[in-house]
Amino acid sequence: MAETISPRYSRILLKLSGEALSGNKDMGIDAQVLDQMSLSIAHLVGLGVQVGIVVGGGNLYRGSQLQKDGLVGRVTGDQMGMLATVMNGLAMRDALVRRNIRTRLMSALPIGTVVESYSSRDAIRHLSQGEVCVFVAGTGNPFFTTDTAACLRGIEIEANLILKATKVDGVYNKDPSKYEDAVKYDHLTFDQVLDEKLGVMDLTAICLCRDHNVPLQVFDMNKSGALLSVVMGEKEGTRVTK
């Protein structure tokens, strides 16, 4: 009898940036990218992996320029960004439901009948019942990034691994799109990331993962099979641990 290969991680938190959802577009959601992401996530669900997702909003709203021009304040700009993540979350939820994946959309901000309010207890229950949970509106507070929200949600739902999906295949010592001699790291410690200012995630996010000993994996979501490889425990991207 053939040996059944089981996923290494039973519950994960996947961070999808808004830029990842835009594909090759400057702004907006690339339908093909969204469809491929939903397929990759559906594969994990089929293997019994419990999946939580945090989505960013940079593909729909970037507030830095408006703030620089003095048109909106920082708090308002961050709130606009939170609402952008809700739109991305709605798209991701429907893409998953279209594949017959039961999905919950949970917001850190109360938004009436559009999205249910986030509760870690409810999220864990939904995940345990095989539903995917898409978390939107960041932490619900200004001044915190969606990377920080991803690490916070990952800790709250007791995820075995936090995955950051990017457009590059891991962490490099410098920008590989600008420098041909950029070197990729296969493994890093959280302290290395902080000391070398590698820009994997912001300081708060990295410290959360380090202090709660939750490993982080950075990988290229656009690479076919990469998400599955990470969850199966295969070598893919860059792994960051304590």
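Just so you know, glycine gets a Cβ as well, placed from its N, Cα and C.
ASP78 is the residue from ASP35, ASP78, ASP122 that Swiss-Prot records in the UMP site together with GLY57, THR139, GLY140, ASN141, PRO142, PHE143, PHE144, THR145, THR146.
Fewest Cβ neighbours within 10 Å among the binding-site residues SER17, ASN141, THR145, THR166: that distinction goes to ASN141.
In terms of C-alpha distance, the listed binding-site residues THR139, ASN141, THR145 place THR145 closest to SER17 (ATP binding site). As a whole number, the greatest separation of Cα atoms within the UMP-binding residue list GLY57, ASP78, THR139, GLY140, ASN141, PRO142, PHE143, PHE144, THR145, THR146 is 15 Å.
Distance between Cα atoms for ASP175 (ATP binding site) and THR145 (UMP binding site): 21 Å, as a whole number.
In this structure, the C-alpha atom of THR166 (ATP binding site) lies 14 angstrom from that of GLY57 (UMP binding site).
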